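Here is what TrEMBL says about this protein:
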ACT_SITE  Cys395  active site, proton donor
BINDING   Gly278, Glu320, Pro321, Gly322, Arg323, Tyr425  pyridoxal 5'-phosphate binding site
BINDING   Arg323, Arg364, Tyr368, Glu396, Tyr425  substrate binding site
DOMAIN    66-326  domain 'Orn/DAP/Arg decarboxylase 2 N-terminal'
MOD_RES   Lys90  N6-(pyridoxal phosphate)lysine
Amino acid sequence: MDPEVHLPQVPLRQRTTTLEEFNTLPTHVFPGSARVRTSGELELGGVPVTELVETYGTPVFVMDEADFRSRCRRLAAAFEGGQYVHYASKAFLSVTVARWVAEEGLALDVASQGELEIALAAGFPAERITVHGNNKSVAFLTVAVQAGVELIVIDSVEEIGRLSEVATAAGVTQDVLVRVKPGVHVDTHEFIATSHEDQKFGFSLASGSAERACLAVADAAGMRLRGLHCHVGSQVFEADGFGLAADRLLGLWARLLDELGEESADASALDTLDLGGGYGIAYTPDQEELDVETVASDLLRRVRQAAAERGIDSPNLNVEPGRAIAGPSTVTLYTVGTVKDVHTSDDTVRRYLSVDGGMSDNIRPALYQAEYDCRLANRHATGTLVPTRVVGSHCESGDILINDALMPDDIVAGDILAVPATGAYCYMMSSRYNMLTRPPVVVVGDGASRVMIRRETVADVLALENMPENMPENMPG
Ligand code: LLP
């Protein structure tokens, strides 16, 4: 039995230490079009932030279309074809983004009925969609099968029976992958490591349950086993984890070919190894994103070599990057509302800058202790660097965006702060806690801006309430 492997995380380095550094944009953390004008003002997609703030208000997510699209292209080139790159829509999905992904020739990974329905509403071709989820309902499976999605990734024993019934009723043979946990424990935050034994996704390779699930799928009516899937985790910098997982999955692949009989129709349908997403990006200046070209060429080589060593045909290699495409494309702009100096227990002073969003538009610091960078966006700073915490406007002391930074002491109420790398898992994990309604998402490029998703309003929230003016269609009783 392969032992569970723990891989180390790359350590953090230094934070900003001089005013000059603070006034210099860490370009690898900001989207490609970000520039600082000589006036000191930040522009995104050729649009100055003060104009964006005047037009859309704050907080606002500003997404650089060219940055997003260029990452789609890089990944498609690196993995030798857009059809192998399934953008993980959980990172960020809207009708507009689904269309960009389709136009760039990529495939799509959806993980819920809602994500699937948004993709279909955008006209995303169903035959380029892979469907995930550890607890897919009959309704979700039915929508997926009837839409004609390419692949459904089986995650439980119950789902084999459920999908078999749905597909048989629809008169369809549905192509599927089986999700496997290969026991490679990458060192990222515990909540986003997904391939060790003690977590909810997939079938265990070590216990033999993955193999049993594959054979059950091959036997079941209404479905055809096309291959294996795993996702070792997210925000991973130790690329070796992907290769190790691939090796282990190919071991299972070879055993399956044996058991199915190499010449059988079941064996010849096997053609896809999906290694999930997880490529780490830079959130802070000291980090470097994982180089996807290197990862891709290493992985492709390793898979081809491992297949050759086992005397089997090399499968197609699918991947599912989400964060590496969407994350760096977006900057959140906030307005500073209050500045407060607080004496800490060790008797130093910490400055608290409160902004007009917080844990409702970015839960990642509170949930994963995620670290972010932050710059003054409307002008150059001139003050002295002081220990600073950037906090939101929610009724919680854990409502922290940036826990511990050195920031200039001339930042005052009315200044605009820019937090980069907020394109993945921020809007998608947003809430309206304390009834702070969701910010808009604005697209920038070529000196122009437009709304992708408008700001949520209190009227939107009231429209969900059981009040006479919302009757009668939507509410029973
Ligand atoms: N494929 C599968 C099956 C996944 O579960 C995920 C992420 C991905 C692909 C995309 O991973 P990415 O390339 O984006 O790392 N909310 C967390 C991340 C949760 C990721 C869950 N699955 C965060 O904010 O860090």
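Even glycines carry a Cβ here, placed using N, Cα and C.
These figures come from a predicted structure and were not determined experimentally.
Structural mapping of features recorded in TrEMBL.
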residue	record	Cβ neighbours (10 Å)
Gly278	pyridoxal 5'-phosphate binding site	30
Glu320	pyridoxal 5'-phosphate binding site	26
Pro321	pyridoxal 5'-phosphate binding site	30
Gly322	pyridoxal 5'-phosphate binding site	26
Arg323	pyridoxal 5'-phosphate binding site	26
Arg364	substrate binding site	21
Tyr368	substrate binding site	16
Cys395	active site, proton donor	8
Glu396	substrate binding site	13
Tyr425	pyridoxal 5'-phosphate binding site	24
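Tyr425 (pyridoxal 5'-phosphate binding site) and the residue listed as 'N6-(pyridoxal phosphate)lysine' have their C-alpha atoms 7 Å apart, to the nearest angstrom.
The residue listed as 'active site, proton donor' and Arg323 (pyridoxal 5'-phosphate binding site) are 29 Å apart (CA-CA, integer value).
Put simply, of the binding-site residues Glu320, Pro321, Gly322, Tyr368, Glu396, the one whose Cα is nearest the Cα of Lys90 (N6-(pyridoxal phosphate)lysine) is Gly322. Across the structure, Gly278 (pyridoxal 5'-phosphate binding site) and Tyr368 (substrate binding site) place their CA atoms 15 angstrom apart. Over the domain 'Orn/DAP/Arg decarboxylase 2 N-terminal' (66-326), the average per-residue pLDDT in this prediction is 95. Between the C-alpha atoms of Glu396 (substrate binding site) and Glu320 (pyridoxal 5'-phosphate binding site), the distance comes to 35 Å. Residues Ala88, Lys90, Ala91, Ser234, Gly277, Tyr279, Ala324, Ile325, Ala326, Gly327, Ala424 surround the recorded pyridoxal 5'-phosphate site, their Cβ atoms falling within 8 Å of the Cβ centroid of Gly278, Glu320, Pro321, Gly322, Arg323, Tyr425, which are themselves excluded. Its own atom aside, the Cβ of Lys90 (N6-(pyridoxal phosphate)lysine) has 22 Cβ atoms within 10 angstroms in the protein chains shown. The distance from the Cα of Arg364 (substrate binding site) to the Cα of Cys395 (active site, proton donor) comes to 17 Å. Note: the Cα of Gly322 (pyridoxal 5'-phosphate binding site) and the Cα of Cys395 (active site, proton donor) are spaced 31 Å from each other.
Rounded to a whole number, the C-alpha distance linking Pro321 (pyridoxal 5'-phosphate binding site) with Tyr368 (substrate binding site) is 19 angstrom. In three-state terms derived from DSSP, Tyr368 (substrate binding site) belongs to a helical segment. DSSP assigns Arg323 (pyridoxal 5'-phosphate binding site) to a helix.
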